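What TrEMBL records for this protein:
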type	residues	note
ACT_SITE	GLU451	active site, proton donor/acceptor
ACT_SITE	GLU460	active site, proton donor/acceptor
BINDING	TYR339, LYS348, TYR349, GLU407, ASP435, MET436	S-adenosyl-L-methionine binding site
DOMAIN	41-305	domain 'PRMT5 TIM barrel'
DOMAIN	311-480	domain 'PRMT5 arginine-N-methyltransferase'
DOMAIN	483-649	domain 'PRMT5 oligomerisation'
SITE	PHE342	site 'Critical for specifying symmetric addition of methyl groups'
Amino acid sequence: MPLGQRAGDKSDSRYCGVEVLDFPAGDGLPAVLTHSLSSAFDFLLAPLVDPDYRPTPGAVLPVAASDLVLSPSQWSSHIVGKVSEWIDLDSEDEQLRLNSELTLKQEIAWATHLSLQACVLPPPKRSTCANYARVVNNILQGLTNMQLWLRIPLEKSESMDEDHDKVNNNNPTSETVDSWESWNSFRLLCEHSSQLYVALDILSSLPSMNSLGRWFGEPVRAAIVQTDAYLTNARGYPCLPKRHQTLLTGFFNHSVQVIISGRSNHNLSQVSEGVLSGDENHTEDTPTRHALGPYLDYIAYLYQRMDPLPEQERFEINYRDFLQSPLQPLMDNLEAQTYETFEKDTVKYTQYQRAIAKALVDKVSDDEVSTARMVLMVVGAGRGPLVRASLQAAEETGRKLKVYAVEKNPNAVITLHSLIKLEGWESMVTIISSDMRCWDAPEKADILVSELLGSFGDNELSPECLDGAQRFLKPDGISIPSSYTSFIQPVTASKLHNDIKAHKDIAHFETAYVVKLHRVARLAPPQEVFSFTHPNFSPKATNQRYTKLQFELPQDTGSCLVHGFAGYFDAVLYKDVHLGIEPNTCTPNMFSWFPIFFPLRKPIYVPSESPIEVHFWRCCGSTKVWYEWALVAPSPSPIHNSNGRSYWVGL
């Protein structure tokens with residue numbers, strides 16, 4: 001039974017499992033499953049093989065249950081296999097090592113036979129886990145549908161600030177424990193396999209939020225919450241500390257399932273969400289309630305108190321972590337469906353209307369309202385939303401306006417003519433079917449309006465287009481937007497890396513993608529990259545750019561893996577009217593742009609407290625514009641997309 005109903009959420013995080021600690025011998029597994037399902041758990045994390053088993057010649061694998069005791073759909077939907085915990089593939093004991101390898105392969109083979117969706121592997125028992133990873137990597141290469149979840153205890157030892165120097169200088173042999181390092185070593189040895197995931201053991205103490213934040217960019221499938229992590233509230237019921245609550249809420253938002261594990265530490269016969277939420281009159285008669293039922297009730301309470309997914313998030317949910325190539329606005333003509341999607345973004349056009357209204361008021365004083373008529377050119381008019389915003393701004397301010405709508409897409413021009421006729425704007429709007437860079441305007445414009453911005457600001461050639469169009473503008477004319485700036489920040493994005501890696505070529509790692517970022521860890525605050533201002537009448541103006549940036553990660557983050565850089569933009573439309581997607585200043589409820597992602601061909605390991613230095617270039621040729629990027633610290637990467645060999649925007 002799902003944890004509850006949350007509007008818009010159809011992810012796996014709605015389902016909660018329970019770990020079976022004791023081996024269910026004989027026909028025990030069906031009984032345990034029935035009891036757990038009737039107690040509102042959705043699946044079991046159950047051992048597959050008797051933990052006392054050690055391989056001997058001719059021995060039959062002592063499995064927990066025959067494949068006949070459960071239906072195929074029950075095995076597939078309600079059982080996650082748990083590989084024997086005694087397995088130690090990096091032991092110095094050769095016999096134990098060989099027995100471990102054979103048993104691991106036998107258990108995975110049995111799980112595959114049962115059509116299980118996933119198996120949980122025991123955590124590495126030592127810092128060096130090369131042989132364990134080698135065997136798992138061999139297994140992964142033969143799997144088609146089943147996932148392997150590596151169990152990792154969520155822990156990181158952290159010294160207090162005043163002890164930091166003492167730890168580093170006076171006790172060089174002291175080791176800090178960071179379980180992320182164990183996971184990172186294992187997945188690197190397994191070549192970033194897309195079928196290798198993490199199951200995190202949530203213990204009674206947690207590291208800092210900055211350290212925990214790294215995991216949101218990792219392929220975490222399950223959070224195994226130990227009953228020892230629970231506290232007891234004033235009524236005697238289990239509850240979790242604030243940091244645990246925050247972590248689980250984050251995991252719910254990232255489609256991570258909760259599994260409850262351990263023995264009951266609260267002697268309660270029954271509990272319900274009514275009690276948890278303060279309803280003392282709420283009672284629930286549940287015979288033979290599962291011993292961990294109160295812990296499940298608390299997890300359900302945490303899930304149900306989350307806010308519903310906002311309408312914008314529901315609209316964008318199918319685009320999460322889906323890589324899209326950016327538009328080629330000059331080379332390609334947009335389709336009607338693309339126009340329609342952008343035109344639904346009322347927030348964007350409201351901002352444009354505000355900017356145009358302010359510009360009109362600045363251009364035409366109240367004394368000149370009856371006589372002055374402003375010339376406004378919409379360059380890249382599409383199907384007319386900016387034309388409408390301009391005329392509404394004129395009506396709002398009481399200013400007279402003459403509009404030129406310049407559009408190169410002949411299909412959009414047809415729609416424009418229909419719109420002008422339908423609205424009765426023939427006397428105010430002149431439609432120009434032409435590329436703005438080639439058109440000779442009959443008169444100069446007071447205001448030049450465009451929506452040529454891409455996810456990175458300049459990545460859809462707004463600078464080149466507006467440089468070509470600014471010849472229409474009077475010397476004191478206004479460009480809307482008047483400026484825009486791009487931003488980047490380093491991210492951990494394991495899913496995006498694996499999706500790009502699946503193409504098995506360099507070109508896809510040298511392409512910038514538009515993507516609704518979801519399963520990412522943002523490692524440092526965004527920094528400015530390139531800025532452009534319009535109009536720019538300088539004779540030495542160039543749109544080529546080069547910048548180098550250094551990012552400092554918070555001290556308590558720990559080590560991390562950088563898969564690439566997330567890019568954003570912020571634009572000043574006019575004076576104090578702006579729009580953008582930079583996380584700190586983003587325009588609320590605007591969906592026309594997703595961030596852009598610049599991948600790295602090889603993820604870069606960043607040791608704790610090491611700076612990240614990246615260099616970015618914007619290059620211009622006679623027929624194309626492209627970006628190049630490279631990391632130089634903590635270790636150098638190749639220069640990506642040299643000479644625009646893999647990705648460019650055509651002029």
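Placed from the backbone N, Cα and C atoms, the Cβ positions cover glycine too.
Long-range Cβ neighbours of PHE342 (site 'Critical for specifying symmetric addition of methyl groups') (same chain, at least 6 residues apart, Cβ-Cβ under 8 Å): LYS348, GLY382, PRO385, SER592. When the record's S-adenosyl-L-methionine-binding residues TYR339, LYS348, TYR349, GLU407, ASP435, MET436 are compared pairwise by CA position, the greatest distance found is 24 Å.
Summarising the environment of GLU451 (active site, proton donor/acceptor), the number of other Cβ atoms within 10 Å of its Cβ, over all protein chains shown, is 25. When the recorded positions GLU407, ASP435, GLU460 are compared by the number of other CB atoms within 10 angstroms of each CB, ASP435 has the fewest. Distances between the Cα of GLU460 (active site, proton donor/acceptor) and those of the recorded positions TYR339, ASP435, MET436, GLU451 are shortest for GLU451. Take the Cα of GLU451 (active site, proton donor/acceptor) and measure to each of the binding-site residues TYR339, TYR349, GLU407, ASP435: the nearest one is TYR349.
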